[in-house]
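J.: Below are the features I grabbed from Swiss-Prot:
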type    : residues                           : note
DOMAIN  : 9-290                              : domain 'UvrD-like helicase ATP-binding'
BINDING : G33, S34, G35, K36, T37, R38, R288 : ATP binding site
DOMAIN  : 291-568                            : domain 'UvrD-like helicase C-terminal'
Amino acid sequence: MMDISELLDGLNDKQRERVAAPLGNHLVLAGAGSGKTRVLTHRIAWLIAVENISEGSIMAVTFTNKAAAEMRHRIQSTLAKHAQHQLFGMWIGTFHSIAHRLLRAHHLDVGLPQDFQILDSEDQLRLIKRLLKLHNFDEKAFPPKQACWYINNKKDEGLRPNDIEDFNDRQEREWIKIYQIYQDTCDRAGLVDFAELLIRVYELFEKKPLILQRYQQRFQHILVDEFQDTNKIQYKWIKILAGKTGQVMIVGDDDQSIYGWRGAQIENIQKFLKDFKAETIRLEQNYRSTANILNSANELIANNSDRLGKNLWTEGEKGDPVGIYSAFNELDEAKFVASQIQDWVEHGGKLDDCAVLYRSNSQSRVIEEALIRCQIPYRIYGGMRFFERQEIKDALAYLRLINNRQDDAAFERVINTPTRGIGDRTLDILRNLTRERQITLWQAVQVATQENMLAGRASTALLRFQELINSLQLDTAEMPLFAQTDFVIKHSGLYEMYQQEKGEKGEVRIENLEELVTATREFIKPDNAEEMTELTAFLTHASLEAGEEQASPHQSCVEMMTLHSAKGLEFPRVFMVGVEEGLFPSFRSFEEPGRLEEERRLAYVGITRAKKKLTISYAESRRLYAKEERHLPSRFIAELPRECIQEIRLRGTVTRAMNLAKVGSLSNTSAVENEWKMGQKVKHEKFGFGTVINVEGSENNTRLQIAFQAQGIKWLIAHLAKLEKVR
């Protein structure tokens, strides 16, 4: 038997308590940086080495294959002195990989062929496009990507077509029909998409009690990481597998539940406590961040309701205050970030210490350009650079073709974007013509139509496309570059196509197209481009930007990423940019308290990525879709503890004292003389709970600017508003 002390060495009291807990159901509420992975792996090692649980009785579920591989490695390292423990019988994997393993073993029981194929997301979209066309569905009314989202969403909820209520809604009936057609096709062809893996296993357990009983008897100990990210079918899956006798330990953090938009249900943690009568323990000691960073995160997240509650703390240093920088605009903000990174390196830091976090991908462009100007290498983590993104390349291809009809690459990119019913056979005819007659694709259209080489429908579609390009050029000839770009995006059909993409992905694409218009408005033609038109100069600029190589995986560089991508990572030096009302939190969240709370959790995740130094910035004005808009600092800044933050003022710049006063970090004469203070929590009988973010005037002329949790920002006259102070 293994020496118990070896399993508990290096753990704090709370971690030891959970690793060595009696058998049963447990919730480990693990704060950011609290060592949850270590607790999980040591718990599994404890079960094997101390409780003498067979490896084959344990199932450990993670959310990524990388996390599963790391968990297996850590457990094996912990048990290294015991050669007999090779974890051969233990199942460690993601929900999808474990479901796949079960379906392979029981393919006959679920009506699948032995060699069934997994459909990835691209294969699924391609199949749905074909089926919509085959069954004469209008792709404008039923966009293929929205059909993918609908089907996957229903499967994640555990619903088959005949389970869905149509509420006498004709459109819903059509969506159900598409789901049914798609599923029938997959079943006939032996195809299984990712969402199908989970629902099919759940149905296997429901319909085959003997198979369920076999796995319930085998997997007596189930451990699940990142439980706050589980969706409905995953929760049902764990519940049915555990049965009445299985013992389940889940590790999660309700304060880091940030994937509601893709089906994750934060309430699953609460349901687990109720359904499994689980004991809760909190891991609150943080091994990552300084006290100032942690106290800022704690104060921020305390504004959310229905939390299970925890308070992060550290035995480490207090650290620097959280820096708050008020930029004049997004260009000033980007320049500031680049200069701060240079300063960090000059004082002994490394580039790969630094991360720039933003709410939306569209925000990356101005930061990228500032880093390029300063010759600071960077990498877009988990994504592509701005000018490499699909929707940007689509829009630029239209502009390139308008600018130059000889551009065959641009022609091929947009000829069927949006779809025009021009098939591969038609394109092959055009390509052959370009080879045989040494002409461009644009010219090949003229030849093919004049010589009747094409079917009437294809010929009509190609001529209409040429008419579109010609009219776009004619209509925009006298427009400034930004207006031309805006017009082309709108009238080419790109904007409408991406608008129909359901969910966050479509919204991000639209934001990126809007940012492209902003980029054209800000573009200044260089002195060495006098002979070029403004459009040609911009297209050259975009090509050069896209051609800049990202830093190699082994090169020290700044990491840039969305806040969602940052989850699970940590960096000594973190910049959170664009922390403004309407951007972060987003305007969309103002109408839904639940969505606003998820935005706050996202801010909490961002703050807790920082180990040593955190800077939060906002721009007083920002160009969005080529329009300059005034912005207020985010309510999230107002919710930070004043003793933990500090305004950043740069030498030689105009003071921004009044800007930061809006978020309550500096005193304001009228506020001092007044009973109302920035940062004061209040309750209004109509608008609900909020935070005072600005105070103007005095006595009966006092006006308060309040960021309400559910109603957004409003100005109220203090003595008429009937506000209740909340402590």
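Numbering starts at 1 and runs along the chain as displayed.
Placed from the backbone N, Cα and C atoms, the Cβ positions cover glycine too.
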J.: Indicate the candidate from S34, T37 with the smallest number of other Cβ atoms within 10 Å of its Cβ, considering only these binding-site residues.
T.: T37
J.: Determine which residues of the same chain, besides G33, S34, G35, K36, T37, R38, R288, have their CB within 8 A of the center of the CB atoms at the recorded ATP site, and list them by sequence.
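T.: Nearby residues not in the site list: A30, A32, V39, L283, N286, Y287.
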J.: Could you give the mean pLDDT over the domain 'UvrD-like helicase C-terminal' (291-568), rounded to a whole number?
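T.: 88, rounded to a whole number.
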J.: Where does K36 (ATP binding site) sit by DSSP, helix, strand or coil?
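T.: Once the DSSP labels are grouped into three classes, K36 (ATP binding site) ends up as helix.
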J.: Which of K36, R38, R288 has the fewest nearby Cβ atoms, counting only those within 10 Å, among these binding-site residues?
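T.: R38, out of the binding-site residues K36, R38, R288, has the fewest neighbouring Cβ atoms within 10 Å.
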J.: Relative to the Cβ position of G33 (ATP binding site), how many further Cβ atoms are located within 10 Å?
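T.: Other Cβ atoms within 10 Å of G33 (ATP binding site): 21.
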J.: Give the maximum pairwise CA distance in Å, whole number, for the residues G33, S34, G35, K36, T37, R38, R288 listed as binding ATP.
T.: 14
J.: Quick one: give me the count of other CB atoms within 10 A of the CB of G35 (ATP binding site).
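T.: A 10 Å sphere around the Cβ of G35 (ATP binding site) contains 20 other Cβ atoms.
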